[in-house]
Amino acid sequence: MIAYLFLFLIIAATIAYFIASRRAVAIAGNDARGLHSRPIYHGLNALVYTAIPAFIFILLWLLFEGSVIDMLLMSAYPGADAMTGAERDLLLSEIRQVAVGNIFREPTPEITAAVERFHSLNATANLLLGAAVVIIALAGAGLAVTSVSKRFLARHSFERSVTIFMIFASTVAILTTLGIVASLLYEAYLFFERVPVTDFLFGIRWEPQIPLREDQIAGQGAFGAIPVFVGTILISFLAMAVAVPVGILSAIYLTEYASPRFRAVVKPMLEVLAGIPTVVYGFFAVLTVAPALRQAGISIGLDVAPNSAIAAGGVMGIMLIPFISSLSDDAFAAVPQAIRDGSLAVGATKGETIRKVLLPAALPGIVGGVLLALSRAIGETMIVVMAAGLIAKMTVNPLDSVTTVTVQIVTLLIGDSEFDNPKTLAAFALGLMLFIITLFLNLIALRIVRKYRESY
Amino acid sequence: MMSEAAVEEAVGAKVDSQPPVKMQGRMVCVYYGDSQALYDVNLDIRKNQVTALIGPSGCGKSTFLRCLNRMNDTIDTCQVKGSITLDGGDIYDASVDVVELRARVGMVFQKPNPFPKSIYENIAYGPRIHGLARTKSEFDEIVETSLRKAGLFEEVKDRLTSPGTGLSGGQQQRLCIARAIAVSPEVILMDEPCSALDPIATAKVEELIDELRQNFTIVIVTHSMQQAARVSQRTAMFHLGNLVEEGDTDKMFTNPDDQRTQDYITGRFG
Ligand SMILES: Nc1ncnc2c1ncn2[C@@H]1O[C@H](COP(=O)(O)OP(=O)(O)O)[C@@H](O)[C@H]1O
Ligand SMILES: [Mg+2]
C-alpha cells in the first residue's frame, strides 16, 4: 500500500514538474528574460509542492496509525478498562499475531471479534490515507501549477524548500545524539537508584556477577568501576604509546624525506591498516602476539599472563597508526613550502625545520589525529575481548590481564535481555561514563588546538 | 720601498676603484632535469654593494640567486655546474656545510613568509639555531637590533609576542628581512622582495636596502627598472638563461652596450 503511494507520488511529481515548466515556457513565449525564474525552477517548485507535503503526511500518519488503531481496538474490547498496561500489551500483541495468521491456541470469541475489527480498521485507515495523499498531492500540484506566472518567484520558493531540507538534515544528527544521551541518562539513572553513585565511582571492586537476588544488591562495592576504568586507561595508554610515535614519525618520513614513488606506495598501504576488521586484529593479538610475548617473557624470567594488557594494547596501537599518521600527514603537507624555505634559508637543518617550524605549525592536525585515535582506543572492544581478558583486576602491570569498560558492557549485556537488575543496568552507567570521558577529551582537544594553533 | 701587498693595492686602486669581490660565479650552468636554465654565467658580486639582477621573467634570475646560497639543493631535479665562490672558497665544495653557508648568505623571498610564531620568535629563531645567544637578554638585544635595522622596531615593539603572520604585507617582509639579518649574514639575497607590496611599503623596503648596504652585501632580483636604478650600484641583465651584460647601474641605464639591454630597459620587451 505504502509502496503504491510512493510510486504515485513520484509519478505525480514528475508530471507536475513537466506541466509547470511547460507552462512557464509557454507564458514566457519568445521573451525568456520576462520570466523572473527560469522554467526549470517552476518545474522543481511544482515537484516539491506535489511530493513533499504528501510525503510528510504519510510519515506522520505511519507514526500515529498504530497507536490510534490500538486505542480503538481496546475501547471496543470488553473489560479492557480494567486491565493493566502489561495485560493490554499482551492482548494487543495476541490480536496482531492472530491477524497475520500466527495462531498458537484457539482464539476466544472476543479475540476473533477484535481481529475482525482490526482488519476493518486497517482497511479504513488505508483508504483514508490513500485518499488524503492523493488530495494533498493534487492540491500541491494545482497550487504550484496555477501560480506559474511571469513574476512568480519560483526560484526563491524552491531554494527556500532546499534550505529547509538542509536544516532538517543537519538536525537529524543532533537529534540522534540527543536521543542517545537521553536513553543513556535514563537507564543510568535507573542503575543509580539501585547502586549509590559514590560506590560506582569510587569502589575498587568490580564483581557484577555476584548479586543475583534483590536482597544481595546491598552488598557494597560490587559495582566499583575504578578497576574497569584503570584497565581502559592502561590499555589505551599502551596503545597510544605504540601509535603516537610510530604514526607521527612515519608521517614525518613520508612527507619530508620519502621519495614521491615510495610515498605513493606506502601511504595507501598504511591506510589499509585502518580497513582491517578489529576481529582480525583480535586474532592476531591472541594467536600470534600473546604467545610470542609469553615465550619472550619466559626466556627472560618474566611472568606474562596468557591474556595480557600489553598484547591487546600493542596490537590496538598498530590498528591506530593510520589514524594518526594520515591526519598528521595532511597537517604537514598543508604547511606551505615557503615556510620550510624560510627556515632553511636562515641556515636551519632539515631536522631543525621539522622540529621547530613544521611540528608546531602542524600541531592542531596532529592533536586531532591523536585524540581521534584515543577515542578509538577507549571505545575499542573486540581486540580487548579477545586478547586482554574479562576479569577486572586493579593493576597497572601491562603483563597482567585486565578488562576494559567496553568489554564489561558487552559481557554484562550478553545473554540477558531484562533491563531491571543492576547487572544489566550497570552497562548503561559504564556507557555514560565512557561518553562523558570522550566528550571531555574532545573538549580538551579543541582547547589545545585553539591555544597552540600557529596559523599560517 | 713599498711592500708587495701595498704595491698591489696601489695598482689595484688605480685600475679598479671597485670594492673587493665578495662572491664570484664562473661558468655557472644550471639544469632542471634535462632542460638547461642558465648558460655559462660569469658574475662578480662586490662587497657592500647592491647588485640588481634584471631581465624578463623566466630568464633565470631566481635560479642564479638560489645558487648563491644553495637553496637549489632543495629541488631534487636541479643540478649546478661551474664554480661559485664566497670569499674565494667554492661553496659547492664537498667540505662546505650548507647550513653554515646559509648562515653567511641569507635570503628574503618574493612572498613574505614569516613563521607562524610570534614576532619575537621569528627573529630569535636563527640565532637560537646557531647558538648566537645564550641568555634572555642577549636574545632580547639581537631581536631589538635586528628589528631596528629592518626599520620595524618602533611599529612592533609593543606586540613582540603577537603572531608575525598578523602583520601587514610590508611589515611581514621587513620582519623577514630582520629574520635574515638576525644571524649576521655577510650577503643577503632578495628575490623580488617588493613584488607583493604596495608602493609605500615598497619605498620603505627600498630605503632599508640602501641602509643595509653599509653592513651587508646585497643581491636583489627585481622586475622594476626604477627599483634597480634606485637601489643598486651594479646591474646584471639576464636573457633566456644568459648573462647579457653586467656593469655599473648608471652606465647600464644610460648607455648599455647590448641592444637587448637597451630594449628591455626602454620597455620594448619584458
Ligand atoms: N623548480 C623548477 N623545476 C623546473 N624548472 C624550473 C624550476 N624553477 C624554475 N624553472 C625554470 O627555469 C627557468 C628560469 O626560472 P627562474 O629562475 O624562476 O626565472 P626568473 O626568476 O628570472 O623569472 C624557467 O624556464 C623556469 O621554467
Ligand atoms: Mg623569479
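In case you wondered, yes, glycine gets a Cβ from its N, Cα and C as well.
What TrEMBL says about a protein is an automatic prediction, not a curated fact.
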Annotated transmembrane segment segment (source TrEMBL; candidates A:8-29, A:272-293)
A:272-293
Taking the transmembrane segment (A:357-378) as reference, the highest number of CB pairs under 8 angstroms among A:40-64, A:165-186, A:272-293, A:426-449 goes to A:426-449
Top partner of the transmembrane segment (A:222-252) among A:165-186, A:272-293, A:426-449 - counted as Cβ pairs under 8 Å
A:426-449
Same-chain residue ranges lying at least 6 outside the transmembrane segment (A:165-186) that approach it to Cβ under 8 Å:
428, 431-432, 435
